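Taken from Swiss-Prot as is:
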type	residues	note
ACT_SITE	CYS82	active site, proton donor
ACT_SITE	CYS233	active site, proton acceptor
BINDING	ASN14, ASN73, GLY83, ASN84, ASN170, ASN206, GLU224, ARG225, GLY234, THR235	substrate binding site
Amino acid sequence: MATIHFTKVHGSQNDFFLVDEEENLITEWSDEQRADFAIKLCDRKHSLGGADGILYVTKSSEVGPIGQMRVVNSDGSIASMCGNGLRTVARYLLEKHALTEAKVETMKAILDVKKATSLGFDIPTYQVEISPVKFAAETLPMHVGVEKLFNQVIPELDTELAFSAVSVPNPHLITFVDQSVLDSDKQEKLASYLNSENPYFPDGVNVSFVKRLSDDAIYVRTFERGVGFTNACGTAMSACSLIKKMLDNDTFETPLNVYNDGGRVQVTAKEDAAGEISLQLIGNATFVSKGSVRYENDIVTELTNEATAEQALYQALVKEVKEFLKTTE
């Protein structure tokens with residue numbers, strides 16, 4: 001029997017249970033144990049309301065980073081990266097170590113994180129690096145007959161939509177659409193197919209439909225691999241921002257406002273002298289509640305759950321975003 005303490009968090013209402021492995025003395029858990037606990041705790045029928053996944057935080061395996069983030073989706077699968085989750089982990093670790101910036105180890109990269117100026121309503125806001133960025137088909141992996149997919153129609157997927165694909169490092173398939181396509185069931189059908197057994201994306205893929213709002217703003221809706229539709233996906237919003245900049249031959253260093261069903265973030269693309277691209281994602285890191293559960297005989301039982309006042313602040317931003325999005329339909 002184990003008592004597990006958690007912090008319920010969200011980035012753009014992409015919600016998670018953040019679990020500190022050291023404080024909970026579960027650093028020796030196997031991947032199977034982490035997956036089973038995630039499946040049980042993240043069930044939307046659970047008394048705690050479930051979540052999109054669990055963010056396991058532990059010591060870094062490298063010298064330098066102040067911690068390591070492991071992401072397990074609600075279905076027990078492992079996510080190589082999660083931008084929205086990383087913002088909340090950044091806040092947790094920076095506050096724990098009394099720092100304003102540092103590095104955090106993720107599954108495939110060590111990334112810069114820092115506290116940022118609030119995007120509004122005094123909401124705790126953090127900036128995280130999204131990288132590495134790769135376009136090669138083998139990095140996704142992707143089998144659609146091209147080595148790099150950029151703004152191209154793939155008839156096997158859709159006869160009209162032009163797709164781009166990029167890994168950041170988790171895989172993303174992106175297309176820009178109008179409101180009528182957003183209102184249709186195209187995205188759900190395509191994403192469901194590509195996240196079941198298929199010859200094109202054998203490991204599945206995050207599928208985003210993007211609508212242009214202005215020269216410096218887009219709306220993104222994402223069907224996440226291992227989860228389904230979520231309020232927002234941080235790596236997807238970052239990847240979509242990059243594709244928009246590339247399609248428009250726009251300046252990389254200029255921030256882009258990205259709207260989603262869960263709120264709003266900002267993304268800036270950067271390219272170094274060697275041609276390597278990285279992305280900076282800025283958005284909320286909201287702590288919704290703190291609590292504990294009992295995990296015994298494969299059953300997760302709620303013990304405590306105390307809400308913070310932070311969600312009310314975030315809802316003010318969501319209201320503003322929804323009012324703005326209505327004007328764009």
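From the backbone N, Cα and C atoms, a Cβ is placed for every residue, glycine too.
Here ASN14 (substrate binding site) is positioned 7 angstrom away from the residue listed as 'active site, proton acceptor', judged by their C-alpha atoms. Each of ALA79, MET81, CYS82, GLY85, THR222, VAL227, THR230, CYS233, ALA236 belongs to the same chain as ASN14, ASN73, GLY83, ASN84, ASN170, ASN206, GLU224, ARG225, GLY234, THR235, is absent from that list, and has a C-beta within 8 angstroms of the C-beta centroid marking the substrate site. The DSSP secondary structure for ASN170 (substrate binding site) is coil. Annotation note: GLY83 (substrate binding site) sits in a helical segment as assigned by DSSP. Ranking the active-site residues CYS82, CYS233 by how many Cβ atoms sit within 10 Å of each one's Cβ puts CYS233 at the top.
Counting only same-chain residues six or more apart in sequence, the Cβ atoms lying under 8 angstroms from the Cβ of GLY234 (substrate binding site) belong to GLY11, SER12, ASN14, CYS82, GLY83, ASN84, GLY85, LEU86, ARG87, VAL128, ILE130, VAL265, LEU281, GLY283. Counting Cβ atoms from all protein chains shown, GLY83 (substrate binding site) has 29 others lying within 10 Å of its own Cβ. Cβ-based neighbour count (10 Å, all protein chains) for ASN170 (substrate binding site) stands at 27. Around GLU224 (substrate binding site), the same-chain residues six or more apart in sequence whose CB sits under 8 Å from its CB are ASP52, ASN73, ASN206, THR230, CYS233, ALA236, listed in sequence order.
Neighbour density for ASN14 (substrate binding site): within 10 A of its CB lie 31 other CB atoms from the protein chains shown.
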